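Feature table excerpt (Swiss-Prot):
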type	residues	note
COMPBIAS	136-149	compositional bias 'Polar residues'
COMPBIAS	150-161	compositional bias 'Gly residues'
REGION	11-66	region 'Phospholipase A2-like'
REGION	106-161	region 'Disordered'
MOTIF	614-625	motif 'Nuclear localization signal'
Amino acid sequence: MPPIKRQPRGWVLPGYRYLGPFNPLDNGEPVNNADRAAQLHDHAYSELIKSGKNPYLYFNKADEKFIDDLKDDWSIGGIIGSSFFKIKRAVAPALGNKERAQKRHFYFANSNKGAKKTKKSEPKPGTSKMSDTDIQDQQPDTVDAPQNTSGGGTGSIGGGKGSGVGISTGGWVGGSHFSDKYVVTKNTRQFITTIQNGHLYKTEAIETTNQSGKSQRCVTTPWTYFNFNQYSCHFSPQDWQRLTNEYKRFRPKAMQVKIYNLQIKQILSNGADTTYNNDLTAGVHIFCDGEHAYPNASHPWDEDVMPDLPYKTWKLFQYGYIPIENELADLDGNAAGGNATEKALLYQMPFFLLENSDHQVLRTGESTEFTFNFDCEWVNNERAYIPPGLMFNPKVPTRRVQYIRQNGSTAASTGRIQPYSKPTSWMTGPGLLSAQRVGPQSSDTAPFMVCTNPEGTHINTGAAGFGSGFDPPNGCLAPTNLEYKLQWYQTPEGTGNNGNIIANPSLSMLRDQLLYKGNQTTYNLVGDIWMFPNQVWDRFPITRENPIWCKKPRADKHTIMDPFDGSIAMDHPPGTIFIKMAKIPVPTASNADSYLNIYCTGQVSCEIVWEVERYATKNWRPERRHTALGMSLGGESNYTPTYHVDPTGAYIQPTSYDQCMPVKTNINKVL
């Protein structure tokens, strides 16, 4: 029989019916959302051709609609189709669209060609429909950063993307997506930054009221910065509850930050009146220190992190750093003239100017993006229900015997160990418990101080004056004094009072362990435990209020990294994103250094992909979970529950450790 006459299908992607050129308008039912968007795109092209226009040579409204239709589609076809027409938008002339041509002009005027990123490193809004495969595919693979990193956080100097005045460069993103392998958190905040230090670098002396305490020398800069280093910045209380109730471990994998919808305004004062005008020519300097070339800014537990509540304005903190240990270089030796050692240290004091790096200068209506990759360990959420020394069957006799020394006598005997008391090879972790904090109450000391005292320097204070206090390295040892318990302030909003939260004893049997040694008559506590073979312990349990990471110091050698607060030690955490107002000089009759008084506000969004593992258990009994039960009441009239707002708008923050929902309290693990 003669062959069936088939209609040509066009140059479509394999498995698709419309995603490609030259296919017929009626080629069957679209296979997915990307194919359906391509079908509508083909019909729009057909109408343009009928009107006498060539849509293949010009970027047009049909192309713009196609890109918009695929903004939430992360299938392979959607990525390829969207990428193709984004390239066309950047290089092809607009088809009778002056607004689009103006946007192209801003794109080329402000883009950084050396920092172009692949499709996979672009921001990923709209993750509510993502599957595990989609989320994995959308993670950044490579970033064109100015440094070569072998994992950890990297930052790219993304091109400034302009859309002109009155054209939005992005929408507000928020919410979280939970799946079996990945969790995606999305948050947006309104930020504001102002002129710092009159555009100058200055050295400030920070003195304490305690004369024998620590003094510091700080270099303050014209720059401010963004800090995303806290779990509460990314997880709502309900999201954190779900994460800690359903997953046995998690870790960050990729982070994308977008700064957009910039509005630069000039402050004009005329007597008692103040007006705020849009300034379309002023700019802000923005760059990311992806190679960690400047002193670290995102120290754990700082108060400058992104606000918990999405409607709160984020007032960026000024960036400053310590250039030298002040007590070692204050030139108070040799009768206050300074000795050779002090001068040698002072001569080598560094001075970091952030303007010494390439960066963008963005104007009103423009935007920029930064991408980071993480290479870090997991945060484990399982608790040990028994210590490792009880990993045995207590009904089965053991062949082990022990040597027993009789009380008050040199006589000894040998006895068989009972089945329920078998010895173990597993020892508690290392730690130090033999120190206490030095008073008085106004002192800024710590239980342990690390001091650097080069020979020849003149020291006229105690150890607190030239030492650095650090959290007691307790490993998994149980706190014997209050100094060893993690504490932090949780200030109730609007009260001005400091609410002190103290970490509770852990519910995991691989934490809060103690080592005792026998002396023939009793057992005594061992306060200092060094590192030995066969020590096993769990890391400190974190809460929603904890920092995510801490930066490892660049050192030749180090032992096992186990930060006291449970944060993740990273060689390359996300680089700090710095921002400052551009200096706009104005002429004066006296030739004084004068400039326009401006500030900048805009939106900053942060999206993090978290790798997760759901828990699986053979435990028959129900387990403990974080719930709303047990939350306290506060606020005006004392009837507003935690994580809610009272009639005055004050947000009721947690007042106890359990309300912060710590990990390692719910899911049991088999050792």
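Each residue, glycine too, has its Cβ placed from N, Cα and C.
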Could you give the residue numbers and ranges of same-chain residues that sit at least 6 residues beyond the motif 'Nuclear localization signal' (614-625) on either side and whose C-beta is under 8 angstroms from one of its C-beta atoms?
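Apart from its flanks, the motif 'Nuclear localization signal' (614-625) reaches 180, 245-248, 381-382, 665-668.
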Looking only at the motif 'Nuclear localization signal' (614-625), what are its DSSP counts of helix, strand and coil residues?
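Residue counts in helix, strand and coil order: 0 helix, 1 strand, 11 coil.
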Helix, strand, coil residue numbers for the region 'Phospholipase A2-like' (11-66) per DSSP?
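The region 'Phospholipase A2-like' (11-66) comes out at 24 helix, 1 strand, 31 coil.
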